[in-house]
Amino acid sequence: MNTCIQLLILCLVTVINSENSTDHSTENTIENETEDVTKTELLKTIENETENVIETELPETVETEIQTEALNLPQSPEQRYCRSKGQYCSRTYFHRCCGNLVCQLHGFFNGTCVDCLAERKFCIWSSECCSGRCRLFRCRKNTHVKVIHY
């Protein structure tokens with residue numbers, strides 16, 4: 001609401017300035033009109049204009065963007081800072097992955113949430129790797145494979 005008032009005042013000032021620079025004969029009428037306008041009249045006109053806005057006037061892209069963003073929102077308050085699978089993560093508290101997902105980094109504090117890390121991806125703990133083995137900050141192939149004979 002305050003921004004609407006500021007925009008309306010800014011428009012009035014620009015109209016006054018443009019009229020003053022182009023035509024000096026209308027200077028007195030513009031000043032009289034601006035003096036007659038009170039703050040309550042400005043508020044009433046802004047309220048009337050905002051009431052006339054219909055939902056169908058919004059572009060379809062805005063509506064679909066709002067729907068897709070609503071799907072990506074965390075469902076509970078404790079998931080406020082965590083991201084779901086495929087979303088951006090940075091391995092920080094504010095951009096961490098939810099649940100058992102891990103952050104696969106593509107750059108410095110730039111990654112994507114995945115189920116587990118593939119071979120030769122940056123890791124800190126063995127639980128992050130699909131193979132279950134993290135060695136020297138890289139996921140390694142699990143060489144300890146149990147062979148079960150039937």
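Including glycine, each Cβ sits where the backbone N, Cα and C put it.
Here the candidates are Cys98, Cys103, Cys130, and Swiss-Prot names Cys130 as the disulfide partner of Cys116. Between Cys123 and the candidates Cys103, Cys134, Swiss-Prot annotates a single disulfide bond, the one to Cys134. Annotation: Cys139 are the recorded positions among Asn110, Cys123, Cys139 whose CA atoms are within 10 angstroms of the CA of Cys130 (disulfide bond). For the recorded site, Asn110 (N-linked glycosylation site), the DSSP three-state label reads strand.
Counting in whole angstrom, Cys116 (disulfide bond) lies 10 from Cys139 (disulfide bond) by their C-alpha atoms.
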